[in-house]
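Read the structure below first, then the notes.
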Amino acid sequence: MQFEIIDIDKKGRGVSREGISFRFAYPEDIIEGYIISKRNKLGRFEKVIKDSPLRKNAPCKYAGQCGGCPWQQLKYENQLKIKEEKIKGLFGFCEPIIPAPQEFFYRNRMDFAFGPDFSIGLKDDKNKTLDIEKCWLLSEDSNEIVARLREFIKSSDLRSYPEGIMRHVVIREGKNIKNTILSILTSDKGEFPLEELWEELKDVVQGITWSHNLSPADRSYGEIQKSIGQDYLLESLNKIKFKIPVQSFFQTNTKQAERLIQIITEFANLKGDEKVFDLYSGTGSIGLSLAKKAKEIIGIEENEAATKLSLENAELNGMENFSAIAGRVEDVIKSLDLKSDKIILDPPRPGIHKKVLQKIVEAKPKEIVYISCNPNTQREDINLFLEGGYHIKKIQPIDMFPHTPHIENVVLLKHLASM
Ligand SMILES: C[S@@+](CC[C@H](N)C(=O)[O-])C[C@H]1O[C@@H](n2cnc3c(N)ncnc32)[C@H](O)[C@@H]1O
């Protein structure tokens, strides 16, 4: 069947005139495809009949198949336009989106699955693991390490789950500080030859960690079994050094994360005498970047390893006014007064717990800087801040993830009483 694509849905898929969503299809395309679920309004794209003027030839041979870059065949200026329009649609206005400094090779982390026949890569939309020889989001060096890992699992006859034990590999590479670590995730149905892999790769990686993923979910997170060498990544942002635990969050686009931190710093506009809460603080990348400009920064973060390293990171950079509490924000605030001058919010995709929103509104900080990688939940949360006496001062979208529909958005909120 033929479909004319007229829009883009929330997940960045092309939407046909009939309301069916197709991955890898873009507005103004005419495509051939078929409907796979009428109820979910989902289709599968087979080929382009007439190219949209928004399209371009992608350099990667897996473009149009691989879930890592669903927008690689969309011209970069059009990707930016769609993202900016999305923010304008949600908030009514925003500053022009800040493009990424690099369109390719920008990621400091990739999570690949192990698949049949010793394949390593991301999945296609039929859930098949693509054997990716060269990923255009990773550096040449990291691609080379993945190639050597592939040879190792092949020669060791390590089969993929569920036939064998191999589930995922995460490669993390410092862009400003040259170091690379690997995290191997397997089922618990056998021993992974960690020492042997280390012998094979120790000239190019600084550490390897082996963990069990016992969850049925396709995720690269699990109970750590053993590490050799570094069990953290070293990276710097605007000259501040960070140790990042092997399984903790860190912005994946280092160069653009530096720009993001500059925007947050501008929005926070600290004078030096403020008490600031950094909620969802991770390894402290935002809090520590602001520490020199504030009197006191207090982070709250649920990941214990990240919290511990945020404190180590404070020491590493000589920041004595940064402290951090390990725990879920919604639990920690039960016995904590959130009274402060400014609050930084950088929650995960689902947004902020309602109890946290309420407690912030009661504490009435003069300003809130809200950073989000999910502008839909950010908008919902901000509606509640608006009801609580805040207004939107500035909105700055920034592109951290070229060739994907993901948007990072920073919003500055000011309390009406402080104006
Ligand atoms: C988007 S990341 C931001 C991390 C940090 N601000 C940074 O830039 O590196 C969200 C963080 O929130 C943490 N997190 C998720 N849910 C949480 C909760 N309920 N309470 C506290 N931290 C939470 C995650 O572990 C993750 O580190």
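Cβ atoms are placed via backbone N, Cα and C, with glycine included.
Residues or ranges marked as active site, nucleophile by TrEMBL: CYS373. CYS373 (active site, nucleophile) carries neither a helix nor a strand DSSP state and counts as coil.
The active site annotation in TrEMBL covers CYS373. Note: CYS373 (active site, nucleophile) has non-local neighbours ARG349, MET400, HIS406, ILE407, GLU408, i.e. same-chain residues 6+ apart with C-beta under 8 A of its own C-beta.
Counting Cβ atoms from all protein chains shown, TYR280 (S-adenosyl-L-methionine binding site) has 21 others lying within 10 Å of its own Cβ. Marked as S-adenosyl-L-methionine binding site by TrEMBL: GLN251, TYR280, GLU301, ASP346.
Excluding GLN251, TYR280, GLU301, ASP346, which define the S-adenosyl-L-methionine site, the same chain contributes PHE249, ASP278, SER281, GLY282, SER285, ILE286, PRO347, ILE371 within 8 Å (Cβ to the Cβ centroid), listed in sequence order. Close to GLN251 (S-adenosyl-L-methionine binding site) in the fold, though at least 6 residues off in sequence, lie LEU237, ALA257, LEU260, SER285, MET400, each with a CB less than 8 Å from its CB. DSSP gives TYR280 (S-adenosyl-L-methionine binding site) a coil state; it is part of no helix or strand.
ASP346 (S-adenosyl-L-methionine binding site) counts 24 other C-beta atoms within 10 Å of its own C-beta, drawing on all protein chains shown. Long-range Cβ contacts of GLU301 (S-adenosyl-L-methionine binding site) within its own chain (separation 6+, distance under 8 Å): TYR280, SER281, GLY282, THR307, SER310, ALA324, ILE325, ALA326, GLY327.
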